[in-house]
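Per Swiss-Prot, region 'Disordered' is recorded for 1-48. The topological domain 'Cytoplasmic' feature in Swiss-Prot is assigned to 1-51; the stated evidence is sequence analysis. Marked as transmembrane segment by Swiss-Prot: 52-72, 85-105, 138-158, 234-254, 264-284, 313-333, 347-367, 407-427, 454-474, 480-500, 522-542, 559-579. Residues or ranges marked as N-linked glycosylation site by Swiss-Prot on the basis of sequence analysis: N191, N205, N514.
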Amino acid sequence: MELKTMPHNGANGSPQHNNNNNSNNNNNVSSDTKTDNNEKEAQKKDEGRTNWSNGIEFLMSCISVSVGLGNVWRFPFTAYENGGGAFLIPYIIVLFLIGKPMYYLEMIIGQFTSQGTVKIWSICPSFVGVGYGQAFATICIITYYSSLLALTLYYLFVSFQSELPWSYCRDEWTNCVNSIPTEFVETALGNTTSALAQQANTLSNTTKLQSSSELYFLNVVIKEKSDISDGIGIPDWKLTIALFVSWVVIFLVIMRGVKSSGKAAYFLALFPYVVLFALLGRAVTLEGAVDGIIFFLQPQWGELLNPIVWKEAVVQCFFSLAVGCGPIIMFASYNRFDHGIYRDAMIVTTLDTLTSLLGGITIFAILGNLAHNLKAENIRDVVRSGTGLAFISYPDAISKFQAVPQLFSVLFFFMLFVLGIGSIVALQSTIVTIICDQFKSWKYWKVALATSACGFLMGLVYVTPGGQWILTLVDFYGGTYVVFILAIFELSGIVWIYGLQNFCDDIEFMSNKNVSMYWRLCWSFFTPVMMIVIFIYSMATIQPIKYSDQYFPLAGDVAGWLLFAVGAAQFPLWGWWYIATHRHGSCAESIKASLKPSSKWGPASPENRQAWLLFKSDLAAKRANEAKSNKFGFFQQKLRNMCGK
């Protein structure tokens with residue numbers, strides 16, 4: 001939607017008359033000399049906050065974190081589990097009514113305050129638990145994302161072998177079908193194709209066939225356990241080394257902060273598309289690929305009434321855009337105050353969706369070919385859903401490249417590693433920033449080192465034979481639902497408690513543009529109501545989670561709910577803590593005061609802050625005069641505000 005230019009602001013986003021009332025504005029900031037000095041000292045620190053070298057670096061950084069594993073890894077298997085093409089319709093609807101509004105809101109709040117995901121809650125201090133709860137969910141996501149990096153690195157290393165190890169069957173895999181093309185098998189392995197084909201035909205009548213890429217992943221790489229009732233096993237030493245190397249890379253990138261990440265973002269954001277388009281070009285030429293693409297794109301209208309599909313669409317949108325976790329707020333906080341983020345928000349959200357569709361079409365083209373090779377009647381039968389999909393179907397496609405598949409495999413898994421690094425660096429930077437904001441004397445690189453070491457230790461649980469079970473559990477309880485409920489509190493705290501009009505006034509001051517009706521309606525009604533309805537219904541109809549069509553043991557479900565409780569409890573616990581430590585008369589008065597912006601709320605720069613206070617004061621006086629001059633002025637003003645006029 002268009003944003004209309006406001007005539008009363010300067011080009012830099014500050015009012016043109018901001019220099020006439022400096023002494024009055026200083027008195028408005030604080031009436032206490034000591035408090036005023038403390039705020040000035042804090043403002044000096046914030047004024048010296050590092051900015052991006054240019055706007056393109058910020059845009060590329062947002063692309064690198066939003067266009068990542070969520071698109072190439074999570075979106076295909078989420079669509080796979082929710083009816084293929086049926087998932088696209090709710091996903092696109094959710095994108096426009098929830099994803100884009102939330103993404104734009106987080107960009108705005110970060111740039112306006114120049115603060116991280118916890119410090120922004122000076123807007124509504126008793127909601128500070130939202131920031132800490134999101135940090136908890138971010139830690140959960142980081143731990144299992146890093147295990148995916150370990151798997152990616154493992155595949156990258158073995159891709160240097162003379163023959164891709166997942167492209168052929170082992171003798172002990174009696175239900176195996178080679179992932180490598182038949183004609184290439186004849187060339188590389190001799191005249192054994194007819195015997196293998198005869199064996200496959202015989203087995204297909206009695207046993208479910210599995211591709212060699214799937215069996216390699218399950219039996220060789222993760223050594224998956226079919227049941228975790230007796231424990232998850234011990235970490236695999238090869239994956240442990242890969243996990244350690246991954247965290248070393250993460251630390252080396254993160255220890256320098258955002259100063260150098262903007263330069264790396266060009267490569268992190270653009271390189272993956274080269275490999276993705278090449279893989280797509282190969283995938284669509286495979287036999288059966290059209291059937292897979294049709295399955296992906298053909299909508300099943302009945303699924304639109306399934307609230308679980310809508311819930312998964314919201315969760316996928318959040319994971320894909322990195323909404324509700326903090327990186328977008330953190331990145332935007334390093335922008336100049338007058339940076340035009342509207343364009344960036346639209347570019348990133350649109351590109352993110354197109355990348356998800358690109359990844360989905362590619363993976364389903366491969367699944368269609370797998371179904372053709374395994375003589376499966378239904379594409380859903382060719383491979384199990386779950387986190388292993390990207391490590392089964394993508395390698396299967398790579399093995400079909402007859403011209404130097406090893407080279408393409410190296411490029412692909414390096415691309416996947418780059419995508420993962422881009423995502424985790426942003427998430428990890430969010431955690432390090434939160435800690436450094438609370439303990440300003442701590443060295444950034446030391447905090448980065450400590451958090452990286454903790455991330456490695458926590459990631460060890462995912463490289464055990466039962467690691468994929470734990471990943472599913474943590475993703476569901478520690479990531480999905482915690483992010484979901486805290487995003488509802490985030491939006492309600494900003495739009496309903498602080499107030500839609502107050503928030504839109506702040507946007508107008510910062511951007512020198514009016515906020516259109518689309519954003520106002522989404523923020524005030526459509527986005528929060530949809531999220532609340534979907535969350536309540538999904539919780540009321542929640543079913544015990546499964547992995548590989550098997551239910552978790554009771555202990556697993558209990559652990560999962562405890563994980564969710566810890567994340568969700570951050571909101572009320574920190575709210576109670578703030579109210580208890582900031583008493584203002586009675587309990588009711590203290591609660592009411594905790595819902596009002598603190599003296600720290602507003603732009604970090606002293607000049608922008610003074611201009612903002614004057615801007616808000618002028619608007620309040622103008623609206624009061626309009627309400628007095630017209631009997632229905634109050635209601636007319638409310639209507640104009642909602643319409644963005």
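Backbone N, Cα and C atoms are what each Cβ position is placed from, and that goes for glycine too.
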Q. If you draw a 10 Å sphere around the Cβ of N514 (N-linked glycosylation site), how many other Cβ atoms fall inside it, taking every protein chain shown into account?
A. 16
Q: Select the range from 52-72, 85-105, 138-158, 407-427 that forms the most Cβ-Cβ pairs under 8 Å with the transmembrane segment (347-367).
A: 52-72
Q: Given the cut-off of 8 Å on Cβ pairs that are 6 or more apart in sequence, determine whether the transmembrane segment (313-333) and the transmembrane segment (52-72) share at least 3 such pairs.
A: yes
Q. What does DSSP say about N514 (N-linked glycosylation site): helix, strand or coil?
A. strand
Q) Same-chain Cβ contacts of the transmembrane segment (52-72) under 8 Å, 6 or more residues past its ends? A) 145, 148, 258, 261-263, 265-266, 268-270, 272, 276, 316, 319-322, 327-328, 331-332, 334-335, 339-340, 344, 347-349, 351-352, 355-356, 358-359, 390, 416, 419-420, 422-423, 425-427
Q) Are the transmembrane segment (138-158) and the transmembrane segment (264-284) close, by which I mean at least 3 Cβ pairs under 8 Å that are 6+ residues apart in sequence? A) no
Q. Which residues, given as numbers and ranges, are at least 6 beyond the ends of the transmembrane segment (264-284) yet have a Cβ under 8 Å from it?
A. 57, 60-61, 63-64, 67, 72, 253, 290, 293, 355, 358-359, 361-362, 365-366, 369, 394, 397-398, 400-401, 408, 411-412, 415, 418-419, 421-422
Q) By Cβ distance under 8 Å, which residues at least 6 away from the ends of the transmembrane segment (559-579) in the same chain are close to it? A) 125-130, 132-133, 136-137, 140, 473-474, 476-478, 481-482, 485-486, 489, 545, 552, 587, 590-591, 594
